[in-house]
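Visitor: So TrEMBL has the following annotated:
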type	residues	note
TRANSMEM	31-52	transmembrane segment
TRANSMEM	64-84	transmembrane segment
TRANSMEM	96-114	transmembrane segment
TRANSMEM	150-167	transmembrane segment
TRANSMEM	247-269	transmembrane segment
TRANSMEM	281-304	transmembrane segment
TRANSMEM	316-338	transmembrane segment
TRANSMEM	350-370	transmembrane segment
TRANSMEM	414-437	transmembrane segment
Amino acid sequence: IYVGHFMSSWGDRMWYFAIPLFLMDLDPNSLFLTAAYGLTLSASVLLFAPLVGDWIDRTERLRALVISLVIQNMSVITSATILLLNREFGDNEADYAIAIKISALLLGAIAILASTATQIILQKDWIVVIAAKRTDFLTGLNAMMRRIDLFTKILSPLACGQIMAVATLTGGAIFILCWNTASMFAEYFLLKSVYNRTPALAVKDEITEKNNHKKEKPVKKKKSVFQKMFGFILVIKDGWKLYMDQVIALAGLGMAFLYLTVLGFGYVTTSYAYNQCFSEFLVGITLASAGFTGIVGTFIFPILSSRFGLVKAGLYSGIFQVLTLIPCIASVFVSGILEFPPPESFLSMWLLVGGLVAARAGLWSFDLTITQLYQENVVESERGIVNGVQTSLNMLMDLLMYIAVLFLSKPDEFGILVLASSAAVTTGYIFYGVFTFRVGKRFDKPKTPKAENVKPV
């Protein structure tokens, strides 16, 4: 599981780093194509993640994984091949260039949906079955998976960037092609081995297969034209209703609000740092530091969970992140952040960056709490669609954040975004706090002292 997840995550991070460069190479005079690519991916996840989740619930585990794995890697391989061939032999001004641009957008949308499916299958379902109701073991699995994510997030772009610096975009594209091709086969054999060694994973498949046979014989009811054309809308509607019926929906809503913020290290905040005279070196150090504190958070989470229980671990992680908002808010009122041109003093930027770096520990610890709450409290047959809706909700908040940036796009308005983001993060943890005090006790069962230390035969 760990090796397969590492290979998949490393490939994803390389592609996320490389694709904006390929798109800029395709259309060097405008950011329109890059923006359209980001919007296409976000809209695809927002609209279709519930459908992907519903498909996962209705499909045998191994079959769903193989299909997702192949589609994800083949989409990247095909897109990289097209962009590589156009770079070497094509003409960006030719009539067919528009077809290449559209294919990049469509293949990107397919790849992100397949990647979403793979993540739901492995991280929200398979490892739950593998843990076999051993809470501490599941906590350790989740923490290690997140460490791998953060580790690849730091090192994969550095490695890919170094390859491109030496061998240009062409060399980078060839390396990504080779990696995804090898990774697709390696991941399949690794995860097939996990499937064969875990008989419990086949239980759902046997039930699904029986249900499919039962559905074949009865006389099928004729579907209306509306159902044929817009059936997917009904699936999405039912998915959202199912999500809101979950006892942990309030906690998931709190998590979604953490996406309604510029207080991270995405494109917006990184661009602002450059605008405020942060050099590439300082930005790199900042990103690496944020990755390190995020990894620290994955070590803190198991300790908090073991000591205080899962729900309170999330509460304490949230309180810590809210406290890190103090220097971020203070940076707005320190000379610098509301000034333009860039200030002579870096005090406001250091306050902002310091708060953001420290917040990663609380954020990733809280993220692991939400992950495990969903793993342990969503019915097995509904894990796919419920997690698909959660992913869609997260993306909705992310899109709202970008819309806010469009209206407050000047550097001297960034302070307003910081204050609004602080309010959104605080709101998210208020939702989680309400969840904790309403139903938290039924989740955190007291552990019997010493009895759990007895090793099973």
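Note: Cβ is positioned from N, Cα and C throughout, glycine not excepted.
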Visitor: Is the transmembrane segment (414-437) close to the transmembrane segment (150-167), in the sense of at least 3 CB pairs under 8 angstroms with a sequence gap of 6 or more?
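Guide: The answer is no, given that the two segments have fewer than 3 Cβ pairs within the 8 Å cut-off.
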Visitor: Among 96-114, 247-269, 316-338, 350-370, 414-437, which stretch has the most Cβ pairs under 8 Å to the transmembrane segment (31-52)?
Guide: 96-114
Visitor: Using a Cβ cut-off of under 8 Å, list the residues of the same chain at least 6 residues beyond the transmembrane segment (350-370) that approach it.
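Guide: Here the qualifying positions are 139, 142-143, 146, 150, 251-252, 255, 258, 263-265, 269, 273, 286, 289-291, 293-298, 300-301, 304-305, 310-311, 313-314, 317-321, 324-328, 330-331, 334, 337, 418, 432.
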Visitor: Report, as numbers and ranges, every residue of the chain located at least six residues beyond the transmembrane segment (316-338) whose Cβ falls under 8 Å of a Cβ in that stretch; write 'none' if there are none.
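Guide: Sequence-remote neighbours of the transmembrane segment (316-338) are 254, 263, 276, 297, 300-301, 304, 308, 345-349, 351-352, 354-356, 358-359, 361-363, 365-366, 369, 412, 414-415, 418-419, 422, 425-426, 428-429, 432-433.
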Visitor: With Cβ-Cβ distances below 8 Å as the criterion, list the same-chain residues six or more beyond the ends of the transmembrane segment (247-269) that contact it, or say none.
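Guide: Contacts with the transmembrane segment (247-269): 286-287, 290, 314, 318, 325, 328, 355-356, 359, 363, 366-367, 370, 373-374, 377-378, 390, 393-398, 400-402, 405, 414, 417-418, 421-422, 424-425, 427-432, 434-435, 438-439.
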Visitor: Grab the same-chain neighbours of the transmembrane segment (414-437) for me: Cβ-Cβ under 8 Å, and only residues 6 or more beyond its ends, written as numbers and ranges.
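Guide: Sequence-remote neighbours of the transmembrane segment (414-437) are 248, 250-251, 253-258, 260-263, 268, 272, 311-312, 314-315, 318-319, 321-322, 325, 328-329, 331-332, 337-338, 352, 366, 397, 401, 404-405, 408.
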